[in-house]
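Features of the protein shown, as given by TrEMBL:
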- 21-43: transmembrane segment (TRANSMEM)
- 49-67: transmembrane segment (TRANSMEM)
- 74-97: transmembrane segment (TRANSMEM)
- 103-123: transmembrane segment (TRANSMEM)
- 135-165: transmembrane segment (TRANSMEM)
- 171-196: transmembrane segment (TRANSMEM)
- 217-245: transmembrane segment (TRANSMEM)
- 265-290: transmembrane segment (TRANSMEM)
- 302-329: transmembrane segment (TRANSMEM)
- 341-368: transmembrane segment (TRANSMEM)
- 380-411: transmembrane segment (TRANSMEM)
- 462-483: transmembrane segment (TRANSMEM)
């Protein structure tokens, strides 16, 4: 039978044991959503399910897409993990700081994440890929940020040096500054000759001559750069000991020529050509990487690196927009852009480590066999509802009973669907069997909640003078009733 909803993996028709049957999953999903909406309505937030479901669902979609081989699909998967996955993890870790309601919100988020994992058939292998993806992307974000800071620092330093060189009026300063600019231009030219595909773009009949000319040019530029650096050192030493001025001051033409070496119309064209050579080299390297054929593993990790670099570029673009907006345009729009950029920075800095912690704990549970590998999604969904029940422990016993009953029903229905999948696969039509079992489990859960609520009323009204004994009796009966739906 066909499954409702998008299938992000590619399971076989028979023996796909990682996902329960569709009807069982729909029942478990509706139970979780209904409980979340009902609890939100009881707390005055009927749209409580919206944000956690969005973050958890898109995070799981990103994890599922990591099983693909296309660069675009992997790029989207890494992006979803490092953005919505980060927000999901921050919500799970930060919400409990708000007390009981925050713990309940974190529990509902985990439950929605678990049921989404069940739909996408994400198991231990998918969790490993998610952890590795987040780690590589976060490393790319940090390394590209450091690289950008280093490049910016060198750019600012180079700009300051060029400005100082063009403003100097001494003979020694002019010669040293000009030599420094020439050394930089020589290094840029060597990089360009090494990186640019000049030989590859030449017709085959002329490649030998072009290669010989390139070798000669590289040799001459290298020797000239080294010689210029030697002149720079010599002139700097002569200027320190004031040996250059007395010998040149008597020749006005020579003095004017040496001072004119640092004129802006001499220095800036050389600097511009150097920057053009570096830019062309960067473009050539980028095109070479984009057009190279990679294996599946290389495509997976290169897409993660591209995502990290792209996110840093996005933040830099937002910062530029904020600066330009505050300088030339509307301050309100610039303030909004600044707030958005700050939120993105917080997500990129704190989100991936939080995602590594949350999903890493799930992976550790799978490796230690605390969380079942092929039933990890239903297990997380049930655990999330139990955590929500813990959050409501000091607020409302009724909500505690509802969450515990929902956890039992979700686990029972999901494991029943998993059993059918393991035995029959996805082809046979077992809709009636699943519906019958699901209705029975939900009915037992509703009865369990009603009985538990009645026992709570007995505890508070009838056993008002002996609270401890009444609480023990109510909890004992409630636990026995909530265990009824489980099939062992």
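Keep in mind that glycine also has a Cβ here, set from the backbone N, Cα and C atoms.
Just so you know, TrEMBL annotations are computer predictions that nobody has curated.
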Review point. Against which stretches of its own chain does the transmembrane segment (171-196) lie, if we need a Cβ under 8 Å and a gap of at least six residues from its ends?
Key: 158, 161-162, 164-165, 214, 217-218, 221-222, 224-225, 228-229, 231-232, 235-236, 238-239, 244-245, 248, 255, 258-262, 266-267, 270-271, 273-275, 277-278, 280-281, 284-285
Check your understanding: What stretch, picked from 21-43, 49-67, 74-97, 302-329, 341-368, has the most CB pairs under 8 A with the transmembrane segment (103-123)?
Key -> 49-67
Check your understanding: Near the transmembrane segment (265-290), which residues from the same chain, at least 6 beyond its ends, have a CB less than 8 A from one of its CBs?
Key -> 162, 165-166, 177-178, 181-182, 184-185, 188-189, 191-192, 195-197, 302
Study note, to complete from the structure: Most Cβ pairs under 8 Å to the transmembrane segment (135-165), of 49-67, 74-97, 302-329, goes to 302-329
Check your understanding: Taking a Cβ cut-off under 8 Å, which residues six or more beyond the ends of the transmembrane segment (74-97) line up next to it in the same chain?
Key -> 51-52, 54-56, 58-59, 61-66, 68, 103, 105-106, 109-110, 113, 130, 133-134, 137-138, 141, 299-300, 303-304, 306-308, 310-311, 347-348, 350-352, 354-359, 391
